[in-house]
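Working notes, beginning with the structure itself.
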Amino acid sequence: MHVLVINGPNLNRLGKRQPEVYGSTTLADVEAMVARRADALGVGVSFIQSNHEGELIDAVHNAADHGWPVIINPGGFTHTSVALRDALAEIADGAGFVEVHISNVHAREPFRAHSYLSPIALGVIAGLGVRGYELALEFLADRER
């Protein structure tokens, strides 16, 4: 099994941008944590982060072509991107995806409570900090067994 972990806009700024909301853990820290957990689970994992919608869509298409499940933190595209949802629909029809948010998006500004992706996701993890990525990985690994 192989899982693609996708991080959307501004997540390259983890540890620097709004640490009171997102904490001090960097994206490199998150990727290392997930890679360690994936290794322990016997799961292959790869990562992409982009601030550009088209690059994320291309990554989703690549995952679909390989039959990989996806863990995605779409950042601000959660609330705005029909195109990303359309790409993820192919994953939803196949291996499936889990939507992850570091902060509790439902406890923040009202516009953050709406997700174009949640209705087609296997599940949504929000507000559990960076641990949400590991929980998503564990869920996907358990699902394969």
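Just so it is clear, glycine is given a Cβ too, placed from its N, Cα and C backbone atoms.
Swiss-Prot has this to say about the protein:
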type	residues	note
SITE	Arg17	site 'Transition state stabilizer'
ACT_SITE	Tyr22	active site, proton acceptor
BINDING	Asn73, His79, Asp86, Ile102, Ser103, Arg112	substrate binding site
ACT_SITE	His101	active site, proton donor
Q. Just how spread out is the substrate site if you go by the largest Cα to Cα distance in Å among Asn73, His79, Asp86, Ile102, Ser103, Arg112?
A. 24
(Q) Excluding near sequence neighbours, so keeping only residues 6 or more apart in the same chain, what lies with its CB under 8 A of His79 (substrate binding site)? (A) Phe111, Arg112, His114, Ser115, Tyr116
**Q.** Sequence-distant neighbours of Arg17 (site 'Transition state stabilizer') in its chain (C-beta under 8 A, six or more apart)
**A.** Asn10
Q | Cβ-Cβ neighbours of Ser103 (substrate binding site) (radius 10 Å) | A | 18
Q: Calculate the distance in Å between the alpha carbons (Cα) of Asp86 (substrate binding site) and His101 (active site, proton donor), and round it to a whole number.
A: 20
Q: Please report the DSSP secondary structure of Arg112 (substrate binding site), reduced to three states.
A: helix
(Q) As a test of the contact definition, list every same-chain residue at least 6 positions from His101 (active site, proton donor) whose Cβ is closer than 8 Å to its Cβ. (A) Asn73, Thr78, Val124, Ile125, Ala126, Gly127, Gly132
**Q.** Neighbour tally for Asn73 (substrate binding site), based on other Cβ positions within 10 Å of its Cβ
**A.** 27
